Amino acid sequence: METEMEMEDNKAPSPPPPMESDIAGEKRKREDDESSSAVLAAANNTAGAQHPMWKTSLCSFFRRRAASSADGCSHGDSCRYAHSEEELRPRPDGTWDPTSDRAKKLRKVAAEEVEEEVVTVDDKALDKCLVGLPRAWSKSPLTSKKGISYATAKKKKGMTVGFVTFENIEQLKNAIEVLTENQSGGKEIKIADANRRSHQKLHTEKPVSDNGVATENGTSVDVPPGETSAPEAAISNKKSVRDAVTPLAHMSYNDQLEHKKNSVAQILKRLTRNARKACPTGIPLPDWVFKSKEIGGLPCKLEGILESPVINGYRNKCEFSVGFSLEGKKTVGFMLGNFREGVTAVEEPVDCPNVSEISCKYALIFQDFLQSSSLPVWNRVDNCGFWRQFTVREGRCRAQPVAQNAETQISEVMLIVQVCSTGVDDALMKDEFDKLTVALQQGAATCSPPLPLTTIVVQDHKGISNAAPADCPLIPLLVPKVDQSEGTVDKTRIHDHIGNLRFSISPTAFFQVNTLAAERLYTLAGDWANLNSGTLLFDVCCGTGTIGLTLAHRVGMVVGIEMNESAVSDAERNALINGVSNCRFVCGKAEDVMGSLLTEYLGSPQQDIPVSEGAVSGTVKDEEVIDGSKNSGENLDSSMQKNDNGESQQLGDAPADSSSSAIDEIKGNSNDRVGNGLKGSHDEYNEVAGEDIHGEASLINESVDLKVSDCLEDRKTSDDGSSISNNDVTAATACQFEDIVAIVDPPRVGLHPTVIKALRTHPRIRRLVYISCNPDSLVANAIELCTPSSERQEKNKGNRGWRTMSSAGLARQRTKSMPNSEPFVPKRAMAVDLFPHTSHCEMVMLFER
């Protein structure tokens, strides 16, 4: 007992029991220590193999705000991004965050230490680029001021870059030495290797002879049989001319229609997507955008595709290129590809189903003539030569039962030969033209059956591209035999028919290439426009007046707008030939005259009242009025239009100051005048058209040409006062129409933004029918027409990225500056196949509001 008690006494006294607060404090301390250890371990692991990008980028809070700001990064020390330049680490590849000061300094140092490029001195690298040239220099100071010899040089004033091709290595070495030692105005001119263009890379370094075959030292070499020595031999195995011109010819026609319908549907869906993007903030999306989900994303119902009545040989206009084939032979046909891809080879159109046999035969006749011609063909690489392009335009007789072989209807042919007379002697050129005329006439006569030939025209174009301007000089070589007393009457034209109307076509005038399908196209456009006798129809980009004239009997008045002066002259002639008297054609760019014409006929967009007297007489470049109000047309109207009592019905007889009486007369009799006049004139013309085309019909055409010439002369010599009076009567007449419709048929680039703005902002235009040969441009224009506008429009700011924008992107930008106006709504859409065997088709779309 004692022993046990002693042992207990010897034990150390036990500590007092800990308080509850002390236990909680030690627990928090251990948790904090463990948390800190975990963070450090995670940081070490992150800096190690697990997270190689730890602290290699600056935190966005640090970049946007000061490092000491109170509202810093909410992650604190656990943030994987660096909060200072000192904390920033290099990336695994050795680079630094591009936004850091360290990376900026490194880039600056690297830019200052850029080593000069080593210039290649070689026989195969004699093309060099000169950088740092004075802007005022042309290519001549290289020789006069620097003493540099070269073969060719290109340098435009205002640019600091030039391109030089040397003849040999000695010239190249001398240029390098001179430019290295001597500076121009204290600035060094650097020389570097020039990168060839794609089409130049495909060509060998050897010269090319006139027949397109590579040569050695300028001497021709013989082409081995069955081989191609031309540079384009690389593409000979890729595709034929049939594949290049008619890529869908291998498909059945039903499959072609389905393929085009699907392509058009995909393009139309872009309108819906872009309309969503272009809609201003705070403005609800249009209803048609919401309803597009019900029809697969389309802006409106796509009602299918209208097929062409004729599938093969339907083109009435074929433009054949003149060049060299893969074997180096002078050839008239189609190119195998684009020039930008380096393709310049031309092959004969022997297997192209869209080209008529008549056009192919004429191309072969012209090709045979070129083999013996002393003048060279056009070289697309060097932009030199004489013979450039050969165009065949065909005119068909009056409508007959549709046959798959449309060539049986061809009655007139116009041949257009495009040349470049630069550096060619006039006497030699005239001699070649005489030989050409004889060759074409003899070739047409010896064919079985003989080919029709109406006129031959030469177009002298000196530009680089074959796309010649409308005012390019024309030289007639062969014209129909007419009375010599007619003098200056223009006979270089052919005629074609749409329905019961006969159209006169000049060499450069636009006319749909598929006549029979165009008739269906215009009928569809007229049906969708919902025309009536009280309609005022604006035919924008009217060409030769085909749309307006074919629909003139269904409306009260037609106003056509066209920039091509010869096409406007054709439209006037066509109206006279067919007895259409309710059309007016204005010559000028649509963007220049559209706004003033709308103001003249409909009043200003802010108020729906007629325009005052002579409001736009000075703004229209040139106008041609075919109605009873024009003094020059009174004689023709009096001879062709009579009322039920047999009396002449002339609006021009009314005094200029009694416009109200003229308006009352037209309101009561315009329908009878237009309907009876058209019916009677068409019946008279139908009787004539049934006779020989070279008989009485030609005499009628000659008299019409004389009347047109007189009309043009009277219009040029009329004084300003009479012009204002006539415009005043016309405008007062047009203001009586309550239904205003516009039909536009623009070129592939679409409508000009100014025209779109004029159509969009005028409230009286409630219906718009858009005919497009390029659905992409249709979508771009529709974005501006259908996107709601903001009450606060933005001014167009300079955007350097506009060159790389798509057409839809540019349209979205322009909608921001569109004045506040009621947008159009897409209602119906349909494709019309005017180009079988190709991927192209026409598109018709109806817009209403």
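All positions are counted from 1 along the displayed chain.
Cβ atoms are placed via backbone N, Cα and C, with glycine included.
Heads up, TrEMBL stuff is auto-annotated, nobody curated it.
In TrEMBL this protein carries:
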REGION    1-38  region 'Disordered'
DOMAIN    53-86  domain 'C3H1-type'
ZN_FING   53-86  zinc finger
REGION    73-100  region 'Disordered'
COMPBIAS  77-100  compositional bias 'Basic and acidic residues'
COMPBIAS  195-208  compositional bias 'Basic and acidic residues'
REGION    195-239  region 'Disordered'
BINDING   Gln512, Glu562, Asp745  S-adenosyl-L-methionine binding site
REGION    608-683  region 'Disordered'
COMPBIAS  629-651  compositional bias 'Polar residues'
COMPBIAS  653-663  compositional bias 'Low complexity'
ACT_SITE  Cys773  active site
ACT_SITE  Cys773  active site, nucleophile
REGION    790-823  region 'Disordered'
Fewest-neighbour residue among binding-site residues, criterion Cβ within 10 Å, set Glu562, Asp745: Asp745
Spatial separation of the residue listed as 'active site' from Gln512 (S-adenosyl-L-methionine binding site) - C-alpha basis, Å: 10
Integer average pLDDT (0 to 100) for the zinc finger (53-86): 73
Local Cβ density at the residue listed as 'active site' - other Cβ atoms counted within 10 Å: 18
S-adenosyl-L-methionine site shell beyond Gln512, Glu562, Asp745, criterion: Cβ within 8 Å of Cβ centroid: Phe510, Phe511, Cys541, Cys542, Gly543, Thr544, Thr546, Ile547
Cys773 (active site) and Asp745 (S-adenosyl-L-methionine binding site), Cα-Cα, nearest whole angstrom: 8
